[in-house]
Amino acid sequence: MLVTAYLAFVVLLASCLGLELSRCRAKPSGRACSNPSFLRFQLDFYQVYFLALAADWLQAPYLYKLYQHYHFLEAQIAILYVCGLASTVLFGLVASSLVDWLGRKKSCVLFSLTYSLCCLTKLSRDYFVLLVGRALGGLSTALLFSAFEAWYIHEHLERHDFPTEWIPATFARAAFWNHVLAVAAGVAAEAVACWMGLGPVAPFVAAIPLLALAGALALHNWGENYDRQRAFSRTCAGGLRCLLSDRRVLLLGTIQALFESVIFIFVFLWTPVLDPHGAPLGIIFSSFMAASLLGSSLYRIATSKRYHLQPMHLLSLAVLIVVFSLFMLTFSTSPGQESPVESFIAFLLIELACGLYFPSMSFLRRKVIPETEQAGVLNWFRVPLHLLACLGLLVLHDSDRKTGTRNMFSICSAVMVMALLAVVGLFTVVRHDAELRVPSPTGEPYTPEL
């Protein structure tokens, strides 16, 4: 398993580098890329945002392993994960309104503080302290995915008055470097935990200086901005009306809830499947992120003017790949007949599918959901998404250890078949909808929204 992991990592990394180098050679520089004021503004944003992302990714490979290291049972670990997901649901519902009221800059600094406290709780072996840490992690995750983007968009439009068309360029670059940071974070986690022999708590301690630096830079370099015009209740009510009045939005939300709930369960299960076979967890995680980056690169190539595939087609392909991978996992995790290499390949395929899924879903959401209602609609998407993931982990909590993992993959397979049916339903509704198609390339090359 050790050799397989390193070999897969090298092959995936080489594939990603090859695709990115060919893209860089072919990509012309635009006006936004050469504007000094815009580049300085981007740098101010990226310095803080990338440090926050790096700290987040650094903790991912060894979370389950840390709880195992503290001798908690799988059922107890499942409850810790459920606590984190439930916290994400609760704080995610009010995060946008809280950030708008408190201030985006203050919210980013608050993220650094709460996530640092979350990391510090990992030094304790007390179960209650770890539960509190998971709750803090849920709050931090909600702030990470709301405060930073809200701050950037407001500053971009209101303070600097840059063109709206330049916003996707910033987030497309951020999406690419997010993958790169994730790959590097996996290697760094492996280095501090295993190569340096510091144990599974080391990545969490190493994340604290990154979070402190991110908070300090935001406090020193960023201006404050607010948006106190819209109440949380009005945001949710408007989102619910949009969700119920447009079948496309309802189907898209169903696909997102089903697909991403399975991904949450996958995040919990991959470590107990591979770790008993001597897998280097940091390198495995980096391989996953490289596979996801490869999927994103393939999405960009597929939607380019040369191939001109549509995001709806790639969304369908992503769901199909995950269905196939989960069926593989139901066989590769059979008690007494485990095949860790086959399971690893299935996990890589799931991550490749995620690389296709997220830009496709992002494109379709932006086209289907009115901009003013996106926050409210996404709140309603998050509730079933996290509830499904929590239910799945609770089912695993009550299962027999030997068969529970395989049963969980079987349930996930059934959930993804339902997602596939929802994709077919959405495809039927939107097949003649020109609004949801990438426009034919004329003049300037198309840059997909990531």
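Backbone N, Cα and C define each Cβ position, glycine as well.
Summarising the annotation, Swiss-Prot assigns transmembrane segment to 1-21 (among others) and lists sequence analysis as the type of evidence.
Here Swiss-Prot flags 43-63 (among others) as transmembrane segment. Within the same chain, residues 108, 111-112, 115, 119, 141, 144, 148, 151-152, 155, 170, 174, 177-178, 181-182, 184-186, 188-190, 193, 200-201, 203-204, 206-208, 210-211, 213-214, 217-218, 221-222, 267, 281-282, 284-285, 289 sit at least 6 positions outside the transmembrane segment (43-63) and bring their C-beta atoms closer than 8 Å to a C-beta of that stretch.
The transmembrane segment annotation in Swiss-Prot covers 79-99 (among others).
Positions annotated as transmembrane segment by Swiss-Prot, on the basis of sequence analysis: 128-148 (among others).
Tertiary proximity for the transmembrane segment (176-196) is limited to same-chain residues at least six positions away from its ends with a CB under 8 Å from its CB atoms, namely 13, 20, 46, 50, 53-54, 57-62, 65, 202-203, 206, 280-290, 292-293, 296, 450. Look at Swiss-Prot and you will find 176-196 (among others) tagged as transmembrane segment.
Residues or ranges marked as transmembrane segment by Swiss-Prot on the basis of sequence analysis: 198-218 (among others).
Through the fold, the transmembrane segment (249-269) approaches residues 60, 64, 78, 81, 85, 242-243, 315, 318-319, 322, 326, 347, 350, 354, 357, 361, 364-365, 368-369, 377, 380-381, 384-389, 392-393, 396, 405, 408-409, 412, 415-416, 418-419, 422-423, 425-426, 429 of its own chain, all at least 6 residues removed from its boundaries and within a Cβ separation under 8 Å. Summarising the annotation, Swiss-Prot assigns transmembrane segment to 249-269 (among others).
Annotation comment: Swiss-Prot describes 278-298 (among others) as transmembrane segment.
If you look up Swiss-Prot, you'll see 311-331 (among others) marked as transmembrane segment. With a cut-off of 8 Å between Cβ atoms, the residues of this chain six or more beyond the transmembrane segment (311-331) that come close are 255, 259, 262, 273, 295, 299, 302-303, 337, 339, 342-343, 345-347, 349-350, 352-354, 356-357, 359-361, 363-364, 406, 409-410, 412-413, 416-417, 419-420, 423, 426-427, 430, 436-438, 448.
Feature annotation from Swiss-Prot assigns transmembrane segment to 344-364 (among others); the stated evidence is sequence analysis.
Annotated transmembrane segment per Swiss-Prot: 376-396 (among others), in sequence order.
For 409-429 (among others), the entry in Swiss-Prot reads transmembrane segment, with the evidence type sequence analysis.
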Next on the checklist: Using a Cβ cut-off under 8 Å, which residues of the same chain at least 6 positions beyond either end of the transmembrane segment (128-148) come close to it?
Outcome noted: 45, 48-49, 52-53, 56, 67, 70, 79-81, 83-92, 95-96, 99, 104, 107-108, 110-111, 114-115, 117-118, 120-122
Checklist outcome for this item: Contact count check, CB pairs under 8 angstroms to the transmembrane segment (344-364), set 1-21, 198-218, 278-298, 409-429; argmax is 278-298
Item to check | Positions whose Cβ lies under 8 angstroms from the transmembrane segment (1-21), at least six residues beyond its ends | outcome: 176, 183, 274, 277-280, 283-284, 286-287, 290-291, 293-294, 297-298, 301, 340-341, 344, 348
Checklist outcome for this item: Contact set of the transmembrane segment (409-429) with the rest of its chain, CB cutoff 8 A exclusive, min separation 6+ beyond the ends, reads 247-248, 251-252, 254-255, 258-259, 261-262, 265-266, 269, 312, 315-316, 319-320, 322-323, 326-327, 329-330, 333, 388, 392, 395
